[in-house]
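**Student:** Not my notes, these are from Swiss-Prot:
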| type | residues | note |
| --- | --- | --- |
| BINDING | LEU14, ALA15, GLY16, LYS27, ASP77, ASP107 | GTP binding site |
| BINDING | ASP107 | Mg(2+) binding site |
Amino acid sequence: MPAPAFPSIAGLLLAGGRATRMDGVDKGLQLLDGTPLALHVLRRLTPQVDETLISANRHADRYAELSAPFDARIIADETPDFPGPLAGLLAGMRAARAPLVACSPCDTPYLPVDLVARLRAALDAQQADIAMAVTVDAQQVRSPQPTFALLRTSLADDLAARLAAGDRKVRAWYARHKTVEVEFRDERAFYNANSWQELAALARR
């Protein structure tokens, strides 16, 4: 389905990392139940947004192929040294036609199907710049999930300046802006694969 002429929210799949704990493979292309992790995420994220972007610094052709049914655009970081998720965020914020960008890592195949709606509701209610997911477990322990967030694209210039200054920490940059935390009780929905063992655990979920 073509993207709306005036989209309100762009979905950004963050697939540009090094995956150093997985021998440098492209995590988004690793298989879970015979399907690339990135495709699992796209199937959940794309229905929640108006346009879809994929931040990928490698294998752009492969990402274009698997995301073709979603009419996604493939983008790359402006710097070549894998500077981390903030660089992917910046690329997405600058490429988006929408005023808001909802981001998700490429290795979280069970992300909530109401993620964007809940982040948007909190962003609007608090008139915030950023809405970030926070999981809460059975013991009431809160765990921020900074790469699951909704951000205003008007923050792009400030982010570019911080990256140019050498800042790479996502939460440190969020702290510069009005950020609202949105609680999610199903922490399993945010499980990801940072190692081969965690990928195997996802398959057993």
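The backbone N, Cα and C atoms fix where each Cβ goes, and this holds for glycine too.
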**Student:** For ASP107 (GTP binding site), which residues of its chain lie six or more apart in sequence with Cβ-Cβ distance below 8 Å?
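**Tutor:** When sequence neighbours closer than 6 are ignored, ASP107 (GTP binding site) has LYS27, GLY28, GLN30, LEU37, VAL41, ASN192, ALA193, ASN194, LEU199 within Cβ distance under 8 Å.
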**Student:** Can you give me the same-chain residues 6 or more apart in sequence from ALA15 (GTP binding site) with a CB-CB distance under 8 Å?
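**Tutor:** Correct list: ASP26, LYS27, GLY28, ALA38, ILE54, SER55, ALA56, TYR63, GLY88, PRO105, CYS106.
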